[in-house]
Each structure stands twice: as C-alpha cells, then as structure tokens.
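*Asks:* Take a look at the following structure, please.
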Amino acid sequence: MGNLKSVAQEPGPPCGLGLGLGLGLCGKQGPATPAPEPSRAPASLLPPAPEHSPPSSPLTQPPEGPKFPRVKNWEVGSITYDTLSAQAQQDGPCTPRRCLGSLVFPRKLQGRPSPGPPAPEQLLSQARDFINQYYSSIKRSGSQAHEQRLQEVEAEVAATGTYQLRESELVFGAKQAWRNAPRCVGRIQWGKLQVFDARDCRSAQEMFTYICNHIKYATNRGNLRSAITVFPQRCPGRGDFRIWNSQLVRYAGYRQQDGSVRGDPANVEITELCIQHGWTPGNGRFDVLPLLLQAPDDPPELFLLPPELVLEVPLEHPTLEWFAALGLRWYALPAVSNMLLEIGGLEFPAAPFSGWYMSTEIGTRNLCDPHRYNILEDVAVCMDLDTRTTSSLWKDKAAVEINVAVLHSYQLAKVTIVDHHAATASFMKHLENEQKARGGCPADWAWIVPPISGSLTPVFHQEMVNYFLSPAFRYQPDPWKGSAAKGTGITRKKTFKEVANAVKISASLMGTVMAKRVKATILYGSETGRAQSYAQQLGRLFRKAFDPRVLCMDEYDVVSLEHETLVLVVTSTFGNGDPPENGESFAAALMEMSGPYNSSPRPEQHKSYKIRFNSISCSDPLVSSWRRKRKESSNTDSAGALGTLRFCVFGLGSRAYPHFCAFARAVDTRLEELGGERLLQLGQGDELCGQEEAFRGWAQAAFQAACETFCVGEDAKAAARDIFSPKRSWKRQRYRLSAQAEGLQLLPGLIHVHRRKMFQATIRSVENLQSSKSTRATILVRLDTGGQEGLQYQPGDHIGVCPPNRPGLVEALLSRVEDPPAPTEPVAVEQLEKGSPGGPPPGWVRDPRLPPCTLRQALTFFLDITSPPSPQLLRLLSTLAEEPREQQELEALSQDPRRYEEWKWFRCPTLLEVLEQFPSVALPAPLLLTQLPLLQPRYYSVSSAPSTHPGEIHLTVAVLAYRTQDGLGPLHYGVCSTWLSQLKPGDPVPCFIRGAPSFRLPPDPSLPCILVGPGTGIAPFRGFWQERLHDIESKGLQPTPMTLVFGCRCSQLDHLYRDEVQNAQQRGVFGRVLTAFSREPDNPKTYVQDILRTELAAEVHRVLCLERGHMFVCGDVTMATNVLQTVQRILATEGDMELDEAGDVIGVLRDQQRYHEDIFGLTLRTQEVTSRIRTQSFSLQERQLRGAVPWAFDPPGSDTNSP
C-alpha cells in the first residue's frame, strides 16, 4: 500500500527468483524444524556468496521450546529467528513435495463464499484470537473490559451467527491486515493507514459516494495518503457488497479485430463488462474505466468517475525530449478494490485500499511487461539501441530510462512516488522493527524483491519466511466468474442519460457522506470552565462538516488516540505549568505512550510528565532531535503510535505566568512526538488580552485546515461566522424556566456544578495577622475538618474554597431582572431542542449545568457576577439593548479586541456595573442562568501541618479591596477573602484538597533547603516548619536547618508569623532567617531577591550545585520571575559559567524536582508588568489575525519555558 505490487493483481513475480532465499516459505515445512542451511541446496539455486563475507553476528537463541525458522542476511551475515511464524493462522499453498510459492493466485489463499454460515465454534475461535490481539495492543489484556468484550462477542455469535466489530477494532484490524501482508514492500507505513468506516452503506449509489470521497481524500492533490474504506461484512443468507474492478482507477483495454488490444490488456474483460452495462467507450490508450459496483442481491450498477477526481501524470524524460511524444501517462492513485479483508473471522468482500506507487510498478511492470503496454522495444528503438541481440542489454537500458521518466514525471507533477531502492531499504528497516516488536515478519521474497536491480537492493540478500496471519487481505474470485452468486447477471444496458444522472446524484452527495463518517474528538481540560465553553463552541462549529464529540480529558481513554482520525484539544494550564486537575490522568497516560522519535537509552531523559511539561522548549536537545527526525521523515519511514491522527491544540493562560500555556504546549509537542500530524500551529489565548478573539481566529483556521485535509465542507469561513454570530448564540424563545419541587442542598449542588467531590469544613477562628495600625488585612483562617478523610493533606498542598457572592451585589442584580421567578421558587432552565431524523422529536430539554435552585441561590453560589463580561456576553447584551446608541457601543466593544481590553482593564466592571453603564439592556433570567460563567473555587496554600494540627486546615489569606479607574472607580472586594474575613466560628465552608506533589519537603531531612516567600507567600512554609518541628520534638530527628527568606513592607505592620518563626529557629528548624522590608522607615527598599544576591549568593550556589539541596519559592508571578533571574545570575557568577549555562542548570534542577515554585495570580503591584505583557499580546494577536505570524509565535523574550 505504500507500494502496491505486494497485493495488487499485477501478476507475476520476477522470473527466476525462487532462489535459495525462498527457503522456509512452504507452509507444509512448518516452524517445527529450522530451515536447512542454504549451502546444502543445489548451487544453481543459490545467489553468489559475497567475496568477503562478514562474520556472522552471535546467535541469540530463542527461548527453549519449538524450533523457529533461522533467517540469515547474506549481505551482512546477521542471523535472526522468526518466532512470530508460530502464530501462523493458515497453511500456505505448498506441499511437502511441491513449492507453489511463485503462484500469483494460490487457490488455497482465496476467500471464497461459504455455501452456508460459518460454524459458530470456528468463528468464535477466530473472534477470540482477534479480540485478544486488540486488547493486548492497547495494554488491557485480561482487564475487566477485555473479559466483558469476549462475553459480548460470544453472546452475539450465539444469537445471530455473527458479530459486529467496534469502530476502534475495525481500525486496528485494517492496520494489522496491512502489517501482515507478506507481499507488500511498503509496510513500514502500516500505522498511518486512514480507515473509513462505511459499514452503514446500503446501496451501490452510496458505495459510489464513499468511493469518490476515498479517491478525493487519498489523492490529496498529489500528496497521496494511504486509506481504506470498509463496506459491510459478509452475512449468511445475503449477497455481498462487491467492487468488480480490480482497482478503483484503471485504464480500459479494447480488443481489436486482429486480436491485438488497444489500451491495457490486463483490463479487457472488465472493459467488455462495462460496455455491456451501458458504458460508451472512448477507444483511447488511456481511457479511465467506470466502476461496476454491486450491492447485495442486486445486479451491478455502472458509475462514471468524475474526471476531476482522477489525477493523471503525463510521462516525460529529463533528458530524452522525444519521450513526451510517446503520449504515455499513468494515474496517481493505486487503489486495490477486489481483495477481501478478513478480521477476526469476519469477511469484508469490499474494502478498497490505496497507497502510492513504487516507480517500478509503473515503469517496469505496467508499461514494459509483454502482456501489458509492452513499450520496451519502442523505447529502445527511439534510443537507437541494438534490439537484434540480447547481449546489448537493450532491454535493461530501455527499462532504466522508462523508470527514470516515471520518477521524473511524478516528482515534476508533485505526486507521491517512491523508487525501488528507497522502498526496499525501508522494508529492511521494517523487518528490523518487526523483529524487535513481534519476533518476526511474514514476507514473500519473490514479491518483495523489485522487478529490476534485484541484487542491487538489500532485500535480495535477505532470507524471508512466508506465512499467513490474521487479520489479512486475501484474494477472492471475480464476482462474474464461477458459480454465479445471486444478482451478478448482466442486466439491460443503461442509457447515457441514466448514467449521467447517476454521476450527478453521486456528485451532489459527495461531502455529505464524508462528513457523516469523519469523526472528530474535541478534548478539553479546564479549571474555570472557560476551556470547556470554548470546546463546546468548537463542537458546534465542527458539526457543520464533521461528526464531533466533546469530552473532558478525564472522561477519555487515551488508548483510543491510536484509532482516532481528528483530535482537537482545548486546555488551560494550572498554577506553575501543571495540567488542570481534570487533565492530569490524560497527561500521565500521554507521557507513557511510546513514539518513533523520542526513544532514548538514557533513563534520565524519561521524565515525569509535569516536570517535562514545564521543561519543554525548542532548546531541549531531546525535542530538537526528534523534530529533526520528524522533518527528515518520509513515506519510507515508520509511523508512530498516532500515525493516522491529525490534531491541533489551543491553550488558555496568562502571559504573566512564567509557564504560559505550558500544558497546551506539552500536549501539542507530545502528540507530534507520537507520530501525529499537526493540522495547525498551537493557538494560545492570553487572559490578559484578547483571549476570545484569539480563540475565534484559531477555531476558524483549525476548521478550515480540517476541511481541506479531509475534503469536506464548502465554506469554512461562512460556517465560522455563523457559529460565532450573536444572533445564533442565544435566542429568548428557545429558553424557559420551569418550576421544580425540590429545593437546593448546597454541598450536593456544588458537587454537581464543579463535577468533583466537595466537603464541608467549619470555621474555628479568623484572626487578623497585621497590626491594627495597618490599612490592610491578612487573616489566619482555622478550619475544622471534622476528621473527614477527603480533607486529609500534606504540607505544600492547596485547598480549594467555594465562596458565595456578596448579598448586596446579588440583590442589586436581581432588581434588574425583567422576569424574575418567585424569590423562593426553585427553577430549572429548559432549552428547546430541534428534532432530527431518526432521533428524538423536538421538545424542551432541561439544561444540566445548574441544579434546581432559586434565582437568588444561583447568583449567590454558582454564577460569577463579579468578573468582567466576555465579548460574547456583550454581544448578547447588545441584542437586548433598547437604546440604539447602547446597542452600537456594546457591539463595538464585543467586536474590537483592543477597545474591549482597554475598557476591561480600566474599569474591570462587574455585571452590575455594565448594566449601570448600559441601563436600557433587558435582562431575562434564562440568559443569566445559561450564559454567565460559573463561580470558580479559590485556591490557597495550606498553612499548617496535619501532624501539628490534626483535624484542622489553616489558611493565610490577604483580604483584597481596591478601586478601579485609576483609584477613582467603585470599590471592589475579593470574593473569597472578604467572605472569609467576615465568617464566625461554626460557619460552614465548602472546600476540597488539591495535592501539590511537586511542592513538598524532600523525604531526606539532611538535605539543605532555602525557602523564599514574601507576604502571603510564607503560607506553605508555615506547614513546612510545623512538620519539621514535629519531627524534631516527636521523632527525635535532627534535620539540616533550613534558611528562610521572608519579605514584607514594615516590621511593625505586616511581619507575619514573626514569633512562630523565631520559636522554630530557636528549636533548630531554621539556621538563618532573613527579612526584606520594602517600606521600612529610614531604610532603602529591599526585596527578597536583593537578600539572595547580597547575603546568600554563596549559599544558594552551594546548596543547589554542590549539596543537592532544594529551593522553594512561593509568591506572585512577578516576584517568582525576579527570584528566578537572580538565582540564574548567582549560579553564573558563583559557578563561573555563562548566563545561558546557568539557565540550563536551573532547567536540570526543575527536572530533578529541586527547584520548586508555587506561584499565584496577579496582584495589584504587578500592573506595570501586566501592562507590558498586554501590549505585546495585542501586537501578536493582531499579526496572527492578519496571518503575518503562525499561531504558536512568541514575541522576543517571552519564551516562558526558559529561565
């Protein structure tokens, strides 16, 4: 299929190639005894031995047990044992006394229809073997799913006499059939076979539509792609789906009165059948044949291939100008269509598959064979060669020039083709791969060796073992021959009008059927729900031309990736470059998969997924290595595990963080590593600026790229405009509220909304840690967990808290709702769903996003009413504004990214403030309940140790309050911090624990540690010192004292936990405690990075580079970046190295989990930094939307994966 001589009916292996290298081919010899040494065969059957044979490699005997065929490479002397041959499913055509290996169509290997249904025992045996193969391939052998699937198949066979393959099983089976094809030289690409499932086909008309789409996809404007379309399986008591043509594209052969043939003599019979069925021939040498297609129990029907589908290449020679005048041509796509596909005992008589040509198939076989076009002598005469004697080697010279012309012409036309030297070299690599992976590879030497240059290719010198595995492709009798099956008789000729109408109907169906069967999987990983919302929008867009499904990453089985066609990923990045919580299992499984370009003998390069995700950069030598290999790869290289996957990724994040979109970058990188094909460069949306606009531009580009790749969809841009238009997004008449009998229970409601386990803690105390003279507040919140197992934690972990909105804000918003339900009435939103043919009828369906609750409860506990509305929501509000001016202003804000971002940045308005700015906007209750984002949990570092405070969780929280509009706007409050500060003992707090395994003290207490945390960045370190204090006092340990670097404004106002730290230092927890004061009277401003540089430079270098110690940094993004840069400079200075080298050292420290960061979001003092980042993002986004830069471009200096 990469090269089709293997299985296509272009009969006749090269003459005289039985040779000694075919030993072990006969199935009757079996694997029980080793193949005899070639030296014992008659000398006339042996290739000449090399003059200087290299010594044989040491023999590695297979495990004790049955003897396996011994296979030698006579060129290099290596010897292997083919253990896979013991799994052969079928005897070959040979007998103990006769070798029939050179027969083209051995009768024993033909798939003939059985007179009756297959015996259930035989079918079950084959089915079990295949199901076992499938589950072994996905590493689920013996699992509950495996056993359950076997039981399902057994029950189905018992009830119906047959069974149906799942789609993933069909994909696996079709790829394995190609992998097992012993006559195919191009199998190294078996993993890249694109499988189209056409088992729902019901008529010859539908068959033709599927086939047209197959040709269009596989041809791909000359950049050929291997593909197979599988039609319904053979069923007892019913005729077969059959394609009468041996290939989808063939040239006609017209028998002349003198017995000669004009055109291709191999196709005379099918040409005459087409004429009998109404085709009007053209009588040319290269007329493309129509297709004869047959549905079960119906006569065959004739279909003309639309000319625009068939790509042909006129043949010319690079130096022989007269060659073009010969008028030769050949088609681009070799697509075998008359072979039977067998998978697990099921037979698919119609399963056309295609790849690309090896040049000798055209130049030597099709054009030069005497029983084909037979142009050899004509070319030799034109070359002035002496054709009177064979000793002039005129045949060889002419054949070479014809092959040169074929290669030159295909390359000139930019049509995929491979020469026989490259193809056979790739087959040797495939043999090596298969020997490692499966212990052998079935191969028919007589078909693998090309028809010219035999001993000049490496396969000539390679012994091979031929045997037959399942799944497999098998030959089958022509449908019009032998005992005629029902419906194969010749019917009346069709008129030209009837044929033309059939073509017209088929052309109109093209694309529709393709869209129905090209499935797309859209995966999202989300912390706040925004990635999920984007994924759902992407699903609506792709529904225009594909069959998409939208799944959360934690709902997806990663092994399915190997059988996917198209995957789109939309994901956020959490905290310090980590996956969102619902993406962690996906990330771990993705890292465990193996790929073709990332194997490494060095174990240190197999990093944990979080560490590697945070370390991936273009400067990583491992990444650079496989990217170089990927760029240099071709159709003669092996495909990765995801060889048939096309993918694209969009990441959400903030450029204020040092690991901007790190998880999305890593998924994008990893999918390519595993062999997937990227349709579009990574898209990135910055929450500081234009995130929604960036997503919409990327989504449109991704949709257009996918449509072009799979040859579906007509107007991608129009579809995207339709999907993202405000008129389509929300319609008042499609939503209503329905009264519900049951009221809200808060904890189950939060579990429903956030799709995670929640627990209820209670307040023990809330204490202000700052001086009463301070204008700010930092509180210590003590929670009582009641000993709940779900709230167990380790120091360094995070706690997620679900706060409510302020009651005053909720009441003010309720007063603006135009049609509020009764204040105490629980309601649910219902949406009017359109009916679909064969699906449920139109009707009202409940929106599952929120549990039944009152409108006040929804606005209080579940919906975000304080964040600035998105452009999408502003577009909806513009359609509800009564004043034209307000409508225009809202529309302008929603459409102009820069204007929106400036408005949002200056005002940071809540929803209520937007309504005050645009008072004519009507506010339906269903709009609030369906379009407002969810109120997200707030995360805090745990500030305690369970050993010191069992049953408690402590939080250190800065209470946030600020004014917008340069300090002149309304006062805004932190949702969670303000709520926590107002709680009383006994008040409930819904919460949960999120582990942070990469931010924990080392298990070895003797390793030195440096802790850096200004302000509330000291929070996790309080748990650290409490744990160490417990180890000292309760376990008698003597850990190496740690160093703490703390920062605050003023020693008299906000020096948090000063007394606790002094006590811990006195007890041996800390060796040094250093504090930086940024607002201390009569002292210069000092920050934690200044302390590191001036007082701890030598210690930082010693701890990190000489003593294998650890450094922990906790704080906001600006501080963390400054500390990182300072540490880099310290290592460069103290270690006498270049700055770039120091950056690499920090990368290694991260990989070794010795440089730890716990970074939280933007604070008020980061405005200068974020303003600069927003300016960069604006420039980048505008250039992306103009197409001036790729979606993955980063402005200079913004490589957030490098220190």
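Backbone N, Cα and C atoms are what each Cβ position is placed from, and that goes for glycine too.
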*Asks:* Would you mind telling me which of 491-510, 531-550, 991-1010 Swiss-Prot tags as region 'Calmodulin-binding'?
*Replies:* 491-510
*Asks:* Select, from S53, S114, S600, S867, the one residue given the annotation phosphoserine by Swiss-Prot.
*Replies:* S114
*Asks:* Swiss-Prot annotates one residue of S39, S483, S638, S774 as phosphoserine; which residue is it?
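*Replies:* Per Swiss-Prot, phosphoserine applies to S638.
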*Asks:* Which of the listed positions, T33, T280, does Swiss-Prot note as phosphothreonine?
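*Replies:* Record lookup in Swiss-Prot returns phosphothreonine for T33.
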*Asks:* What does Swiss-Prot list, out of R776, R782, R806, as binding the same NADP(+) as T1016, R1049, S1078, R1079, K1085, Y1087, Q1089?
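*Replies:* Among the candidates, Swiss-Prot records only R776 at this NADP(+) site.
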*Asks:* Out of S836, S870, which one does Swiss-Prot list as phosphoserine?
*Replies:* S836
*Asks:* For the FAD site that Swiss-Prot gives with R938, Y940, S941, T956, A958, Y962, V975, C976, S977, which of H754, H798, H1156 also belongs there?
*Replies:* H798
*Asks:* Would you count the other C-beta atoms found within 10 angstroms of the C-beta of Y475 (heme b binding site) for me?
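*Replies:* Taking all protein chains shown, Y475 (heme b binding site) has 17 Cβ neighbours within 10 Å.
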*Asks:* May I ask for the distance between C184 (heme b binding site) and S114 (phosphoserine), taken between their Cα atoms and rounded to an integer number of Å?
*Replies:* 27
*Asks:* At a 10 Å cut-off from the C-beta of S114 (phosphoserine), count the other C-beta atoms across all protein chains.
*Replies:* 11
*Asks:* Including all protein chains displayed, how many Cβ atoms other than that of C184 (heme b binding site) lie within 10 Å of its Cβ?
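*Replies:* Its Cβ shell of radius 10 Å holds 29 other Cβ atoms.
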*Asks:* Round to a whole number and give the Cα-to-Cα distance in Å for the pair Y475 (heme b binding site) and S114 (phosphoserine).
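*Replies:* Computed Cα spacing between Y475 (heme b binding site) and S114 (phosphoserine) is 15 Å.
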